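Q: What TrEMBL records for 12-32, 52-70, 82-102, 108-126, 147-169, 181-203, 266-285, 297-317, 329-348, 354-378, 390-413 is transmembrane segment.
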Amino acid sequence: MCFFLLDKISGKFKAIVVCWFLGLGSLVSWNSMLTIGDYYYELFPHYHPSRVLTLVYQPFALGTMAILAYHEAKVDTRKRNLFGYILFCLSTFGLLVIDLATSGKGGIGNYIGICVFVAAFGVADAHVQGGMVGDLAFMCPEFMQSFFAGLAASGALTSGMRLITKAAFDKTDHGDRKGVMLFLAISTFFEFICIFLYAFVFGKLPIVKHFRKKAASEGSKTVSADLAAAGIQTADSETFMLLLQIDDANHERLSNKQLLFKNIDYASDLWLIYVLTLSILPGFLYENTGTHQLGSWYVVVLIAMYNASDLVARYIPLIEFLRLESRKGLFIASLLRLLFVPCFYFTAKYGDQGWMIMLVSFLGLTNGYLTVCVLTVAPKGYRAPEQNALGNLLVVFLLAGVFSGVSLDWLWIIGHGTF
């Protein structure tokens, strides 16, 4: 990665900040859906919103991501990411329009309309998350960490906004609806900011241009449009390669199949991490944790605690001696998280709300920490085109874990007579 030159290239801190905001925009729309789940349960009490909407979202995310990962070497990263952020922005605005047009009424028609926009979230997520992870895989590990910290921050931010709006409008007529309207408007604005940052700021930072020029010199075609937008022609990459004294241009790129076989443990780690997390969050928390002293605030607080701990955990790997890089260690840690299943079952059945809050916080800590460790360690040692491909493949398994998790989440309600 030519780290000996990075100290002389400006823009690293700005790039880290922009990556954080781009990560925020990658999930702020979906996390908005999760955190206003209590409102949708008021409108559609018999339709299992937290479970159904999550199940609608995931097939579109996973299917689109699988197609894009298969063709990643030919996909223009700039167009891919911009399309994703624009679709996020329009879909979030669409949810706001539905609520305005129907005056906050329930009904199957409105529910189907919401499902359509949620499906669009899935398509946008595949474009953005896979595109950004592939792009950042051949840059500084700090960029990847910051991007995933932004993903977690979207959850913490939306939970915080939900708590504020719920408190602010709690005693007013249709208070929940007013809070949700303000909430969706703010989320739409954040998505618009991400469009601007990616289109006009990120690609023009010197350190980002450095990595993309190097990627082009190693045969990557996905960065061409981004380099052109920054005023750099990819034909210049040969000169750049000579300046960096790169002598491995003839090295043949590993195929996607070869990359997957070499990194199947990392892919399995991500699948295990997210199949466990999404089998509990959000459906189990909304429908299977019972009634407690916090009342309607209970689930909102649980989601907020998960998001806050997930965000904190994504910064822990920045401390070198706390970063887990052992392949075997990461796999064992991911596997041990399956013990959360009996823990949540018995806590929901016998424990009080304090124990559940603590358990949800620990779920978030392990989720965020292991995610960043896997995705910053896995791309090391490969050339830029391979790192881009590997980043896309890992996101496929991450989304496959999410889809498996939301499917298994339905098992919690078997025998409860809630269908």
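Indices start at 1 and increase along the chain as displayed.
Any Cβ shown, glycine's included, is placed from N, Cα and C.
How buried are these features, and what lies next to them?
A: Using a Cβ-Cβ cut-off under 8 Å and counting only residues 6 or more beyond its ends in the same chain, the transmembrane segment (12-32) has close neighbours at 6, 57, 84-85, 88, 91-92, 95, 121, 124-125, 128-129, 132, 136, 139-140, 142-144, 146-155, 157-159, 183-184, 187, 190-191, 193-194, 197-198, 201-202, 205, 207-208, 307.
Sequence-distant neighbours of the transmembrane segment (82-102) (same chain, 6+ residues past either end, Cβ-Cβ under 8 Å): 25-26, 28-29, 32-33, 110, 113-114, 117-118, 120-121, 123-128, 131, 177, 180-181, 184-185, 187-188, 191-192, 194-195, 198-199.
Sequence-distant neighbours of the transmembrane segment (147-169) (same chain, 6+ residues past either end, Cβ-Cβ under 8 Å): 19-28, 31-32, 34-36, 132-133, 136, 175-176, 178-180, 182-183, 186-187, 297, 300-301, 303-304, 306-308, 310-311, 313-315, 368, 371-372, 375.
Long-range neighbours of the transmembrane segment (181-203) within the same chain, counting only residues 6 or more positions beyond its ends whose Cβ lies under 8 Å from a Cβ of the stretch, are 14-15, 18-19, 21-22, 24-26, 28-29, 32, 35-36, 78, 81-82, 85-86, 88-89, 92-93, 95-96, 99-100, 158, 161-162, 165, 209, 212, 226-227, 229-230.
Outside the transmembrane segment (266-285), and at least 6 residues removed from its termini, the chain residues within Cβ reach (under 8 Å) are 34, 37, 48, 50-51, 54, 260, 299, 302-303, 306, 327, 330-331, 334-335, 337-338, 340-341, 344, 348, 360, 363, 366-367, 370-371, 374-375, 377-378, 393-394, 396-402, 404-406, 408-413.
Remote same-chain residues near the transmembrane segment (297-317) are listed as 31, 34-35, 37-38, 145, 148-149, 151-153, 155-156, 158-160, 162-163, 166, 281-282, 285-286, 289, 291, 323-324, 353, 356-357, 360-369, 371-373, 376 (criterion: CB distance under 8 Å, separation of at least six residues from the stretch ends).
Sequence-remote contacts of a segment are chain residues at least 6 beyond its ends whose Cβ falls under 8 Å from one of its Cβ atoms, and for the transmembrane segment (329-348) they are 265-266, 268-269, 272-273, 276, 279-280, 284, 288-290, 355-356, 359, 363, 366, 370, 373-374, 377.
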